[in-house]
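Peer 1: Annotation source TrEMBL lists active site, proton acceptor at B:Glu93. Residues annotated as active site, S-methylcysteine intermediate in TrEMBL: B:Cys331. Annotated [4Fe-4S] cluster binding site per TrEMBL: B:Cys113, B:Cys117, B:Cys120, in sequence order. The annotation S-adenosyl-L-methionine binding site is assigned in TrEMBL to B:Gly158, B:Glu159, B:Ser190, B:Ser212, B:Leu213, B:His214, B:His288. TrEMBL lists B:99-326 with the feature domain 'Radical SAM core'.
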Amino acid sequence: MQTDSNSEQILTESSVVSNTEIAPGVFVLKIRRNINFKPGQYIGITTDKNVAPRLYTIASNTKDDVIQILYNVKDDGWLTPRLSEHKFGSTIYMTKPDGDFIDDDSPAWWIASGTGIAPFASMFRSGLKTNKTLIHGGRFAHSFFFEKEFRPILKANYIRCCSQESAEGLYNGRLTRYLQDIETFPEDCRYFLCGSPEMVVEVRDLLIDKGVAYNKIVAEIYF
Amino acid sequence: MAKEILLGKTLEELTQVVLDLKLPKFTAKQIADWLYKKDITSIDEMLNLSLKARTLLKENFDIGLTATIKEQCSVDGTKKYLYPTNHEGQFIETAYIPDDDRATLCVSSQVGCKMGCLFCMTGKQGFQGQLKAADIINQVRSLPERHQLTNIVYMGMGEPLDNVPEVMKSLEILTSDYGMAMSPRRITVSTIGIIPGMKTFLNESECHLAVSLHTPFDDERKKLMPIQNVYPVKDVLKMIREFDFGRQRRVSFEYIMFKGINDTPAHVKELCKILDGIKCRMNLIRFHPIPNSPLLGSDESTVEEFKNLLNKKGITTTIRRSRGLDIFAACGLLSTKELVKQQNKDF
C-alpha cells in the first residue's frame with residue numbers, strides 16, 4: 001500500500017541499513033527496526049521531517065532486526081527518487097505502524113500485483129506458510145519479488161502470472177485471466193487482495209461473479 | 001505546447017501571473033473578477049484590462065473553460081453533465097439537482113477513484129487522474145444553470161480528500177471574496193475518512209464535512225470499504241470528536257442502506273454507541289444496485305424504521321430523496337461508457 005499522508009505525524013528516526021535495487025526501478029529499503037508491528041501493517045516514511053510521510057506496507061518478518069520496504073521509483077514523485085539515493089547510515093523518518101490488513105492461519109488466497117506483494121511477504125516471513133495460495137501478477141519475469149523465498153515452501157500454491165514475457169514456471173498472461181479460467185473457488189477461505197485499484201476492483205468483481213461471497217474478500221489498495 | 005490555464009488559479013497565483021508579465025498588481029483582482037464573478041468566455045472580454053494586458057495574457061494563457069459534451073435530463077429535473085478533462089480520453093460527471101428553493105451541484109474531484117468501495121460504480125473505472133482546481137471550478141463555471149446554484153457538494157466522482165491541494169484551492173475560489181463568494185455553509189465535502197486530508201480540510205476551510213460511514217462494525221466496513229484497513233472508522237471518529245466544529249459548521253454521516261447487511265437494530269445500537277458525543281446528522285441513502293453488484297438496497301419499510309429508531313435515540317436522521325434515477329445520476333455510468341480503457345495494465 002502506498003499513499004500520501006499530508007498531516008503532521010509523530011516521526012521517529014531510523015537509519016538505513018541497505019537500499020538495494022532488486023529489479024529495474026524497484027528497491028528494497030532496509031531500516032533499523034525500533035518498533036513492533038503486525039504482518040500486513042504499514043508505516044509512513046519520509047526523508048525530510050518537513051515533508052509529509054508516504055505510507056508503505058512493511059514486507060519483513062516481525063522478528064527481523066530491520067524493517068523492509070518494497071518500493072518502485074516514481075519519476076514524478078517527491079519521495080521515491082530521493083529515497084532511492086539513500087545509502088547505509090543515512091537517516092529516515094517513520095511513523096508508527098498502523099493498519100488492519102491482517103491474516104491468520106486459516107485458509108486464504110493472497111492475490112497481489114506488482115509491489116502489492118509486500119504485505120504477503122511480511123505475513124509469509126512471519127510464519128504464515130501453510131493453507132496459503134499466493135498469486136502474483138507482474139509484467140516481466142523479474143517482477144516476482146522474493147520468489148526465491150516463496151517457491152520452495154509454497155510450491156504449486158505459488159503462481160506467477162506474467163503479462164508481457166514468457167519463461168519457464170510462469171503463467172503467461174494477466175492475473176485476471178488466470179483467475180477467470182478457474183472454475184470454482186474454495187468457499188471456506190478468505191481472499192486477500194493487494195495492488196492497484198484497477199486490479200483490486202477487477203479481481204473482486206471476478207471473484208464475486210464466480211460465487212465467492214463478498215464478505216470473504218479483504219482488499220488493500222494503493223492510493 | 002498547450003498554454004497555461006487561468007481558471008482555477010487563486011488570487012495569489014494570479015498575482016504571480018501578472019507580476020511575471022510585468023503588469024500592475026491590481027490586474028490580478030480584475031482577472032479574478034472576470035473569471036469567477038462574470039460570464040465571459042474569452043480573455044478579449046476582460047474589458048477593464050489594458051489592451052497590452054489582454055494581449056500578453058492571450059499570448060501566454062487560455063481562460064480554461066470547457067463546455068459540457070453530453071447532458072442527460074431526468075423526469076424530476078435532475079441533470080447530469082459530462083465534461084472532458086485536461087487529460088485526453090478522460091471524463092467526469094457533474095449532477096445538477098434542483099429542489100424547491102435550492103439547487104445543488106454535485107461535483108467530481110478525481111477522474112475515477114482509487115478507493116475501491118464495493119458499492120461504487122466510479123470505483124470500477126479505476127483511477128485515471130487527479131482533477132486540477134480548474135477542472136473542479138469549471139464544473140461550476142460552465143454549468144448552464146450556474147446562476148440558480150445555491151449549494152455545492154463534493155460527492156461526485158473521486159475521493160476529494162485524496163486530492164487535497166486542488167480541492168482546497170477550489171474551495172478557496174468558491175468561498176473567497178475575490179472568487180465566487182459562496183458561503184462555506186453551502187458547501188459540503190464528503191470523504192470516506194482519509195484522516196490526514198480531513199485534518200487539512202477542517203483546519204483550513206469552513207465548509208461542512210460529510211463522512212461515508214455505511215456500517216458501524218469494523219469487520220463489515222472492511223469488506224465494503226478497503227479504506228477501513230488504513231484509516232479505521234474509530235480513528236476517524238476520534239479525530240472528529242477532538243475537533244471544535246463551532247456552532248455553524250456541520251458534520252454529517254452518509255449511510256447507504258444495504259439489505260440484510262447494515263440495516264438491523266444491532267446496527268442502530270452500535271451507531272448510537274460509536275457516535276456518542278458527536279453532534280451530527282445521519283443521512284440514510286437508498287442503494288440503487290449497480291451492474292454485477294452483490295448488494296441490494298434495503299426495502300422502504302426497513303429504511304423508514306431505521307430512521308425512526310435513530311431519531312428516537314437522539315441522532316437526527318433523514319432519508320435522502322433519490323434523484324435522477326432514470327439517468328443514473330448517482331453513478332459513474334455515463335463517464336464509464338465514455339472512458340477509453342487503458343490497455344497496458346501491469347497485472
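The backbone N, Cα and C atoms fix where each Cβ goes, glycine too.
Could you give the neighbours, burial and distances for every feature on this list?
Peer 2: Under DSSP, B:Glu93 (active site, proton acceptor) is assigned to a strand (E or B) in the three-state scheme.
Residue density at B:Cys120 ([4Fe-4S] cluster binding site): 24 other Cβ atoms are found within 10 A of its Cβ, drawing on all protein chains shown.
In this structure, B:His288 (S-adenosyl-L-methionine binding site) belongs to neither helix nor strand by DSSP; it is coil.
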Peer 1: Run through the Cβ atoms and count how many others sit within 10 Å of the one on B:Glu93 (active site, proton acceptor).
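Peer 2: Its Cβ shell of radius 10 Å holds 28 other Cβ atoms.
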Peer 1: Under 8 Å Cβ-Cβ from B:His214 (S-adenosyl-L-methionine binding site), six or more apart in the same chain: what's there?
Peer 2: B:Phe119, B:Arg221, B:Leu224, B:Met225, B:Glu254, B:Tyr255, B:Ile256, B:Phe258, B:Asn262
Peer 1: For a quick check of packing: other C-beta atoms within 10 Å of the C-beta of B:Ser212 (S-adenosyl-L-methionine binding site), how many?
Peer 2: 26
Peer 1: Taking Cβ distances under 8 Å as the criterion, give the subset of the recorded positions B:Glu93, B:Cys120, B:Gly158, B:Ser212, B:Leu213 near chain A, ordered by sequence.
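Peer 2: From B:Glu93, B:Cys120, B:Gly158, B:Ser212, B:Leu213, flagged as close to A: nothing.
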Peer 1: Listed recorded positions are B:Glu93, B:Gly158, B:Glu159, B:Ser190, B:Leu213; which of them have CA atoms within 10 A of the CA of B:Cys113 ([4Fe-4S] cluster binding site)?
Peer 2: B:Gly158, B:Glu159
Peer 1: What's the CA-CA gap between B:Ser212 (S-adenosyl-L-methionine binding site) and B:Cys120 ([4Fe-4S] cluster binding site) in angstrom, rounded?
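Peer 2: If we compare the Cα positions of B:Ser212 (S-adenosyl-L-methionine binding site) and B:Cys120 ([4Fe-4S] cluster binding site), the gap is 12 Å.
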